[in-house]
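Notes to accompany the following structure.
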Amino acid sequence: MSDFLNKRFWKYRGKRIRPYMRNNVKLAGAIIFVPVFLLSMFLFWREQLIHFDLSQVIKNFEWNVPLIIKSVLCSVLIAVGSIVASYFLLFDSYKKILHRQKIAKMIFSNKFYEKENVKVRKIFSNETDSKEKITYFPRMYYQVKNNHIYIRIAMDMSRFQNRFLDLGKDLENGLFCDLVDKQMEEGFVCFKLLYDVKKNRISIDDAVAENGVLPLMKHISWQFDKLPHMLIAGGTGGGKTYFMLTIIKACVGLGADVRILDPKNADLADLEEVLPKKVYSQKNGILMCLRKSVDGMMERMDEMKQMSNYKTGENYAYLGLKPVFIFFDEYVAFMDLLDMKERNEALSYMKQLVMLGRQAGYFLVLGAQRPDAKYLADGIRDQFSFRVSLGLMSDTGYGMMFGDVEKAYVNKKETGRGYANVGTGSVLEFYSPIVPKGYDFMSSIKNALVGVEGAQATAVASGSVSDQTASGEGVSEANG
């Protein structure tokens, strides 16, 4: 019913931007200052005003200089103090006023309006004077809803229409927001922006995977069942390793089969202590893990079709199977170590995993300093539905990660901060989950693993699931 009314009757699109709003902050200040100043002056002069007699004032007029100075100074200070207090107490309202002022100024500075000179008669005179009159001002609307800012611009077939469609980057930079989405509505283009993205950062304890969804920020989640495979890029000190460890912890807590490939034998390789026979650092071991993962995926797909509850279009989760996550860190460095035959073999395995893995529940998470197309050829890179860059990157690096998108990239020296493409086509500012100083990943992953194994043992003992289903595999795979 609401859709019917919205389509055929009036629909609220936000507060319309008017020409006077280019002085919005000054007007808001004056609206606070003037009443407070006058009220304060009245309180100082109330005795004189209550007993005011015009004839006596004219006859015995004298300047009460001390009271005048005192009242004016105090009233000004009180009015200014009211403005300052309003700024802090009503900061959100101030930001809205400032945003509307910036948009109005953008309209004037870019000359997105039309005007003409008209003749007007002077007051108290028969002479005429020329005055500018705005004959066209674009219909732009500003709305704040659910922590997002919506800027709607009417597509009215004016000569500015094509330029309106390309305002996303200007709005993003000018309002210091993150462009989340751009969509066409009936007669309008709508820019959806998020202000102060950092406020949506979550703790590592909140990054808990469930039902095919892993929350990474309050407004960003990796829906790995729908958007399979993740590509993570980031230089030294960008927070890439901690981010991968955070995802590993969440996947272990989910009960997934986690396999780790770390050719540099660095931080991820230390997880051998808590994930025995699941961590590979040598060339032969990594190639073997990739090969056996592909074989296991193919066998699982065949097994799924033989299951009694198999249904066309459903995935591994529908059949009660656990996902398999393969974390491959510094894969570019690994590829550089291989000869041509081995490199083609590794690329073939990776291509099969990313092309066929979603249905069977096999997910690949690649980490590198930058995703060189040399080692992600044949469209493999396009199969990574969720992409994250952390730390400082060049424009070339951003281009490799996200392609040619309308985005104003800003580098900030903050660990765990970067950008993400979450499968919507838009690149969003991103902050990885907060990891407290001194956080022990080894013990937390070990505890998560113990909890999962205990829950699986209980489920098997009760007969609610089979031993195969609890392990997440329909076939036996060697991990040696």
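Cβ from N, Cα, C; glycine included.
Summarising the annotation, Swiss-Prot assigns transmembrane segment to 25-45, 71-91 and lists sequence analysis as the type of evidence. Annotation comment: Swiss-Prot describes 217-399 as domain 'FtsK'. Feature annotation from Swiss-Prot assigns ATP binding site to G234, G235, T236, G237, G238, G239, K240, T241.
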T236, T241 as binding-site residues, winner by CB count within 10 A: T241
Reduced DSSP assignment, T241 (ATP binding site): helix
ATP site, defined by G234, G235, T236, G237, G238, G239, K240, T241: further same-chain residues with Cβ within 8 Å of the Cβ centre: L390, G391, T415
For the binding-site residues G234, G237, G238, G239, the one whose C-beta sees the most other C-beta atoms within 10 angstroms: G234
Cβ neighbours within the same chain of K240 (ATP binding site) - under 8 Å, at least six residues apart: I232, A233, G234, G367, L390, G391
Stretch-averaged pLDDT - the domain 'FtsK' (217-399): 89
